[in-house]
Amino acid sequence: ESREKLSVCSKLCYAVGGAPYQITGCALGFFLQIYLLDVAQVDAFYASIILFVGRVWDAITDPMVGFFISKTSWTRFGRLMPWIMFSTPFAIISYFLIWFVPDISTGQVIWYLVFYCAFQTLVTCFHVPYSALTMFISREQSERDSATAYRMTVEVLGTVLGTAIQGQIVGKVDTPCIGSPFFFGLSNSSVAMEELNMTHDTESLTDTRNAYMIAAGVIGGLYILCALILLLGVRERRESSELQSDEPVSFFQGLKLVMNHGPYIKLIAGFLFTSLAFMLLEGNFALFCTYTLGFRNEFQNILLAIMLSATLTIPFWQWFLTRFGKKTAVYVGISSAIPFLIAVVVLDSNLVVTYVVAVAAGISVAAAFLLPWSMLPDVIDDFKLQHPSSHGHEAIFFSFYVFFTKFTAGVSLGISTLSLDFAGYQTRGCSQPGQVNFTLKMLVSAVPVGLILLSLLLFKLYPIDEEKRRKNKKALQDLR
């Protein structure tokens, strides 16, 4: 066990590798919808298509990359590290181009669709091998759990950075809104709106668009820095995976075994609905703060409060799951968001109350970040005990977990943007119709609460409690 101990430096270098995915993912999750609608001025229907197709494609690439990783031979850098190394520069380029508004009258939708999908593919080539790396840094459960806690702290810190960089740079620029067309009279409203749109396009949006590109450049630089720290500071240990040969693993045979493993399916089902709830909240929160609560100039600070609260409470949840068990942490941590999600909608719009709700919601976000990645290695250990002769399926476990959560998130985000279109969303409006505000309330409160309750019911079926985990650890040590 002493030989398997990881140094604090190794854990930190490993943890830093999780930041790029979260920084870029958070910036895209919180700001891409409002960017497409109000800055790039893409029609809400087409924006929903971009968000839906991009997320679904992102989901599809996870098992694809997992398949190719399982076919990859070991090199002197390892089996996973070359994927991280070669995908990074191309990911930076495609990410920057997502936040660039092309000077073309037609084909704008294709532009965003192509570069959004390209970036999702390249960041998957980084994140799937990085996630699977958890099983290759140590054989000890306690060391992997400790490294995962370091990783989750840095990843949530990455979401803070993503929110802060994108929000503060973009928030410094005042983007004037457009008044309701009813102020111009119903007969000439369309003409007046068109003229006003042209005036504002030439004057106000240039600074806003530049701000988005500056933010993309800063985030791209952080992506490269974190990737370098990971590559230079972490050693991929072949012996930790117990692979004895370079024989390619049968992907489809491994996939069949993985999908027939009961604890894995139950864990996926539970966190599927949890992640859906938080994805809906993430995708629509900026619009909700801007229009429903009326905090147009405060939403970036409210988002920052959520993420700072989440970062500071990750160590608490690590202590809690160690003291009381992971299943108990799931029930307490994720359910704690419910009263605050209800309060933010039921109570009158009040900035102080909104900040209190944001801090409280961040505590639950921290639990939702930490627990899936802490519980997944336990499922893999359980699988190894049941299939001791089958090796090399770690990437399948991680990639398909991400696949299911991303696929359903893509569907939900596409539907939510489409719902806003049907409700009558007004691009860059100073206010929105009552139907839009009602739809936003449903998307950030009622629907997430229902999904969280459903996930808690599913976790009752998850079989790996603390006693089972200890037995598995002892059995694996005996097997080795």
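Each residue, glycine too, has its Cβ placed from N, Cα and C.
From the options 12-32, 33-53, the stretch TrEMBL describes as transmembrane segment is 12-32. Contact between the transmembrane segment (301-321) and the transmembrane segment (395-418) is not supported, since fewer than 3 Cβ pairs fall under 8 Å when only residues 6 or more apart in sequence are counted. Scored by C-beta pairs under 8 angstroms, the transmembrane segment (12-32) has its highest count with 113-137, from the stretches 80-101, 113-137, 264-281, 395-418, 438-462. Within the chain, the transmembrane segment (211-234) has long-range Cβ neighbours (under 8 A, six or more residues past its boundaries) at 9-10, 12-14, 16-17, 19-20, 23-24, 27, 31, 35, 39, 81, 84-85, 88-89, 91-92, 95-96, 98-100, 126, 130, 133, 137, 161-162, 165-166, 169-170, 172-173. Of the Cβ pairs linking the transmembrane segment (113-137) with the transmembrane segment (264-281) and spaced 6 or more residues apart, fewer than 3 are under 8 Å, so the two regions do not touch. For the transmembrane segment (438-462), the partner stretch with the most Cβ pairs below 8 Å, chosen from 264-281, 328-347, 353-374, 395-418, is 264-281.
Distant neighbours of the transmembrane segment (353-374): 131, 134, 145, 148-149, 151-152, 155-156, 267, 271, 274-275, 278, 281, 289, 293, 295, 302-303, 305-311, 313-314, 316-318, 321, 326, 329-330, 332-337, 340-341, 343-344, 347, 401; these residues of the same chain sit at least 6 beyond its ends, with a Cβ under 8 Å from one of its Cβ atoms.
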